[in-house]
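Chemist: Swiss-Prot feature annotations, pasted as is:
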- 1-104: region 'N-domain' (REGION)
- D34, D86, E158, E160: Mg(2+) 1 binding site (BINDING)
- R47, R70, E158, G231, D233: DNA binding site (BINDING)
- 122-253: region 'I-domain' (REGION)
- D179, D181, D233: Mg(2+) 2 binding site (BINDING)
- 336-344: region 'Interaction with PCNA' (REGION)
- 355-388: region 'Disordered' (REGION)
Amino acid sequence: MGILGLSKLIADLAPQAIRESEIKNFFGRKVAIDASMCLYQFLIAVRSEGAQLATVNGDPTSHLMGMFYRTIRLLDNGIKPVYVFDGKPPDLKSGELAKRAERREEAEKALKAATEAGDEAEIEKFNRRLVRVTKEHAREAKELLKLMGVPYVDAPCEAEAQCAALVKAGKVYATATEDMDALTFGSSKLLRYLTYSEARKMPVKEFTYEKLLQGLELNQREFIDLCILLGCDYCESIKGIGPKRAIELINSYRDIETILDNLDTSKYTVPENWNYKVARELFIEPEVADASAIDLKWTEPDEEGLVKFLCGERQFSEERVRGGAKKLLKSKKAQTQVRLDSFFQTLPSSPNAVAAAKRKAEEAKKSANNKKAKIGGGGGAGRGRRPK
């Protein structure tokens, strides 16, 4: 699910935190990619005549087709991807998973009704809703990546949290996912639409964590509380509080505890036994592997291994697979080129660095306001940060 309404809230209140770019602008960058999100996209999008691609035995291959060609496209553009796979979900996510199971059951009933009615559009719609990534899909994707010479990481828990840890450690430039909670986990950069097909012509949307904190006038902890109010995977949200009201409350009271002390409970219903404190801790200290100990290596592809794995039973075109393997080899050799900024040291990001950048921005803002006052500048008061 990610964080409900966060993307629009940032666009409205901190537009300076978002930049749209062409994929080629990320040449030379290492990027941690949410593998489960990608596989889900491929299972839905890579289809023939409305159905998933499959072997003669009916086993799906859409996820492998998508992973193979989209990864080649990234490498063609000089991007070095590392795929991060989900581990076990945290216990606090069980409520969200139960809701997903209910929605799946409803979709199955709707699909049955659409099939009986012969409504092809509805059949396709509900078939897509029933798509889910299995352990077998993930296992096959890992085998494919190994043959392609592309590294992957098995996260102990949430993939987005592990991606954020790799970014913080300076191992990669950004997290690539469609789930906004990568920012809640503290990833300094988030890339959306990076793995979309070229045909969709979607520019890559880059979010910068420090700039969104400055634009929203929040620190890391306050931003996490905002995300919990908006709605996350780990606990329910307060009914009746949408994005606009959530940011107003955080700006006024700075944390959920103080909000609850001042909330009009005749208007808003707080969930019973609300686990917001545990959710907050999951975002602050998620279960991740030590990123500094992870060694990321991009190696040469195994062309014969790829042909054996993808052709035959999986029915990929041998000519196209060999062509893809040659592109992989070519991009591996081309990666000797480097970005100019790679000559400078990349330091791991930290909450202290974010706070320092924020203080610097606030000091610059105060200085500018003082200068305006001296020369008589001014129309009304600007939007200031309320005291904690």
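We number each residue from 1, going along the chain as drawn.
Placed from the backbone N, Cα and C atoms, the Cβ positions cover glycine too.
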Chemist: Can you tell which of E160, D179, D233 has the most other C-beta atoms within 10 Å, given these are the binding-site residues?
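Modeler: Ranked by Cβ atoms within 10 Å, first place goes to E160.
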Chemist: Find, among the binding-site residues listed as D34, D86, the one whose Cβ has the highest number of other Cβ atoms within 10 Å in the structure shown.
Modeler: D34
Chemist: What's the most sparsely packed of the binding-site residues E158, D181, counting other C-beta atoms within 10 A?
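Modeler: Each of the binding-site residues E158, D181 was scored by Cβ atoms within 10 Å; lowest is D181.
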Chemist: Quick check: in three-state DSSP terms, what is D34 (Mg(2+) 1 binding site)?
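Modeler: The residue in question, D34 (Mg(2+) 1 binding site), is strand (DSSP, three-state).
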Chemist: What is the nearest of the binding-site residues D34, D86, E160 to R70 (DNA binding site), using the Cα of each?
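Modeler: Checking each of D34, D86, E160 against R70 (DNA binding site), the shortest Cα distance is to D34.
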Chemist: Take the C-alpha atoms of E160 (Mg(2+) 1 binding site) and D181 (Mg(2+) 2 binding site) and report the distance between them in angstrom, rounded.
Modeler: 7
Chemist: Could you pull the average pLDDT for the region 'Interaction with PCNA' (336-344)?
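Modeler: Across the residues of the region 'Interaction with PCNA' (336-344) the model's pLDDT averages 59 on the 0 to 100 scale.
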Chemist: Please work out the number of neighbouring Cβ atoms within 10 Å of the Cβ of G231 (DNA binding site), leaving out its own Cβ.
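Modeler: Cβ-Cβ neighbours of G231 (DNA binding site) within 10 Å number 21.
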Chemist: What is the number of residues in the region 'I-domain' (122-253) that are helix, strand and coil, as DSSP sees it?
Modeler: 69 helix, 16 strand, 47 coil
Chemist: With DSSP as the yardstick, break the region 'N-domain' (1-104) down into helix, strand and coil residue counts.
Modeler: 55 helix, 21 strand, 28 coil
Chemist: What's the CA to CA span in angstrom from E158 (Mg(2+) 1 binding site) over to D179 (Mg(2+) 2 binding site)?
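Modeler: One finds 12 Å between the Cα atoms of these residues.
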Chemist: List the binding-site residues among D34, D86, G231, D233 whose C-alpha is within 10 Å of the C-alpha of D179 (Mg(2+) 2 binding site), in sequence order, or say none.
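Modeler: D34, listed in sequence order.
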Chemist: Within 10 Å of D233 (DNA binding site) (Cα to Cα), which of the binding-site residues D34, D86, D181 do you find?
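Modeler: Checking Cα-Cα distances against D233 (DNA binding site), the binding-site residues within 10 Å turn out to be D181.
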